[in-house]
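> Pasting in a structure now, in structure tokens, and then I'll have a few things to ask.
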């Protein structure tokens, strides 16, 4: 790539990346949006007061005076909510024929006599909505097409293709700039919320910039490699976006979540946390129980499975192949099929409402044994074991001092798999645990979908994010071992 081309490309990339932040930095919420936030908060207060009243009535421990006082409080909160709703209705400004500016495309009032001025205004809003979305997707298409052209150019000095791709890149930036300008400097009321369009603008510019960057940087060196980079970049974005949306929704209100997807964090994180903590969602208890069970079962599963795989590999006896076939057969049996028998066995051992019921049985991990044995087939030489025996090393010491260090990559790989499986396990703890003090995080998150939490989507997403965060940290900490274990276990020397 020539110096001039590099400068042009860097300028385009700088503008595109800057455009990704413009919707966030320059947007000013109007009074209607602020009023919606107040209504959402007041609705939460009403729900909380009604829930408290219901608990007092069902419990039967409160006096009539306390219950009446709580009823007055509920009515007072409802009056405040109604006042906010009336204020919002006045600010909306419905026409005398009942045509609201918030109508979706295709929805018209049933009255026969309609003020044509209002109808024309509605058509204008609908037209603006169509134009905005057309500009958004046209800009994204321009970014992608520009990247494809650079990939096709490859190592050739295809100045025409490069010039045309740069032209498409510029068109995409101009279209994105037009949408951003209309949303900020000259805002027009649309049938849909501006937040949804701002999110699409950010997604379009961000995605276009990533694809264009991968294509420009790699395409000038190797066409085949650039296509791989672009494809891997696309897959990475697809994998990251759901996690980002989960984190963003943890900071948004329930009303905003129901209106559509947004990539921009909200300001409801503290509110969602207060709702979550006020509904008997004890994060410390759930985290402690999940951590004890997950890491305890992982340590036992990895160690004893490695020992079993070592026995199948090193010791040759008559039933070696038969027992290994039994292990393979166990892998094919779903856990749900053995659920009833497992519960009865734990009940006879008096391990119901005991964490050991989820830790000790994890020793029998057939899938982990299979993976370790395949790993040892590729990476363990029996001469190493024989040399240790000649030097007077015992069998257990040979395994702990010589074999385990060799299996570190495989153990890290299966360790993270075991942690994820145990951490996300919901069915087995649900069968065995009735004590609230033994609930794991997945059990607590499942309870958020009950009657009280049916509208508190922000709190649900916050609980999900807190459940997934430890797994993400563990995965990143062991990622290099996981990659090494998969690579070495799949190659036989």
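Glycine is treated like the rest: Cβ placed from N, Cα and C.
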> In TrEMBL, one of 59-79, 80-100, 101-121, 227-247 is tagged transmembrane segment. Which stretch would that be?
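Of 59-79, 80-100, 101-121, 227-247, TrEMBL gives transmembrane segment for 227-247.
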> Select from 131-154, 251-274 the stretch of residues annotated by TrEMBL as transmembrane segment.
131-154
> Identify the transmembrane segment range according to TrEMBL, selecting from 402-423, 424-445.
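Checked against TrEMBL: transmembrane segment maps to 402-423.
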> Can you identify, from 31-48, 355-372, the stretch that TrEMBL calls transmembrane segment?
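In TrEMBL, residues 355-372 carry the label transmembrane segment.
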> Please figure out which one of 227-247, 287-310, 322-349 racks up the most CB pairs under 8 Å against the transmembrane segment (355-372).
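Selected stretch: 287-310, with the most Cβ pairs under 8 Å.
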